Amino acid sequence: MLDMKLVRTQTEYVKERLATRGVAATTIDDLIAHDTKRREAIQETEKLKALRNEVSERIAVAKRNKEDASAVIAEMQTVGTKIKELDAVVAESEEAMHAIASHLPNMPKEGIPVGPDEAANIEIRKVGQIRQFDFTPKPHWEIGEQLGILDFERGAKVAGARFLYYVGQGARLERAIYNFMLDEHQKEGYKEMLTPYMVNYDSMYGTGQYPKFEDDAYRVGTNEDMTLIPTAEVPLTNYYRDEVIPDEKLPVYFTAVSPSFRQEAGSAGRDTRGLIRLHQFNKVEMVKYVKPETSYDELEKMTTNAENILQKLALPYHVINLSTGDMGFSAAKTYDLEVWMPSQDVYREISSVSNTEAFQARRAHIQYRDADGKLQFVHTLNGSGLAVGRTVAAILENCQNADGTVDVPAVLQPYFGAAKITKEA
RNA sequence: GGAGACAUGGCAGAGUGGUAAUGCAACGGACUCGAAAUCCGUCGAACCCGUGUUGAGCGGGCGCGCAGGUUCAAAUCCUGUUGUCUCCUCCA
């Protein structure tokens, strides 16, 4: 949610920033028109309410003195009706404002690349050696199926397309990876959490998924209010919804592993094979609540925390700064980490680290008291550290051998219990 | 899933149609070399509107879990809803 005061006072600036995300200037004009109407109605209705309060007191006194007040009461009936009408205008205006404002994305931070889509993204750095194969590297789904550790067919039979079973060493590898990631993040100061996997509407609203992206989520239950989480960012960031975080707790660092459920509406036909795009996948998430003045330092640190995992796994990757058109709804600035996938000769997204500034905090009412004792919105950050399924894919592809086996990265061997993945019995 | 009780300020806790008690805490002041104690005073979250400013201040609205309704007037009456607790039921 944008700061309405900023929209009102710095209208041109807001229009300019949002234009880089495809928001028409007329949308902001509409928003302001409703706000103006709202404030005019408020001024009128509040005048009448002040009058009513004053007269009510006189009526009370008259009644106490057993005097007749019926004339004044009759007069106030009209006032009451008028107040109701004006309050309705206020409510309508607020509804209209909310309908617009709740769909407006965050303003991108100044200085990030401007462009309509991923073509405008900028590579920040490239890390790790891309391995030269002396055989043709296979895609991870082939490796996984031939080893018998990934079963897409039965996933489709039992649940549907974009679901799978991990089998034996596959399941064990998945568990080894997220245990390793959680341990690393704990060392970096993140508190490990285990969250609800279903959340209510307010939580989805607080982090910015709702109302604009309701089609991407899975609704469950009869009241339609519960939603399967599309990322642990939702329960982790809503942990402090409608609260004032005590000063001594800040900054708050959380990490959690959870399944992520996504409809993938609109991506039909894309990444239909393998672990890249599923309706359910595991992800280790990091979330931070910080004071505004530190949030961009914290963004760099969180990115480093995600990179650390890839470095320890010896997977080559690059870091890109997302353009205004490619960023998520709530983000003011986002770094994506993309891991090298040898079978396709491309980098694929494996982590996304964002600073939403006060955008989510304003929606979810997450505050702290500054040095003057005034309430301020915190800044919230979130980042994957990392997507577990895609990490499995990257390991299978980057660490495959000509004989079809896969070497397990050294740091995972204590978790996995072996140095090599072999054909599942 | 069934029955009942409860929901008021940072905390505790009165108030069943007519300006939201009181205590503790907090803040300011007095006393004191200083502090504690004591005394005096202030303070009812957040939010919104107007005026204005470094977002000082002033005036008003709103404000008793949330959303509606009745009324000149609602913490109070009515309806719905959410959460918590207790008992039963059920289960891991």
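Every residue, even glycine, has its Cβ placed from backbone N, Cα and C.
Checking the candidates A:E184, A:E188, A:E285, A:E338 against TrEMBL: the one annotated together with A:T231, A:A232, A:E233, A:S384 at the L-serine site is A:E285. Here A:S352 (ATP binding site) comes close to A:G328, A:T334, A:Y335, A:D336, A:L337, A:G383, A:S384: these same-chain residues lie at least six apart in sequence, with C-beta atoms under 8 angstroms from its C-beta. In the three-state DSSP classification, A:S384 (L-serine binding site) falls within a strand. Summary of the L-serine site environment: with the site residues A:T231, A:A232, A:E233, A:E285, A:S384 set aside, the chain residues having Cβ atoms within 8 Å of the Cβ mean position are A:V234, A:L236, A:A256, A:S258, A:S260, A:K283, A:V284, A:M286, A:V287, A:N382, A:G383.
Sequence-distant neighbours of A:E264 (ATP binding site) (same chain, six or more apart, CB under 8 Å from its CB) are A:R162, A:D216, A:R277, A:H279, listed in sequence order.
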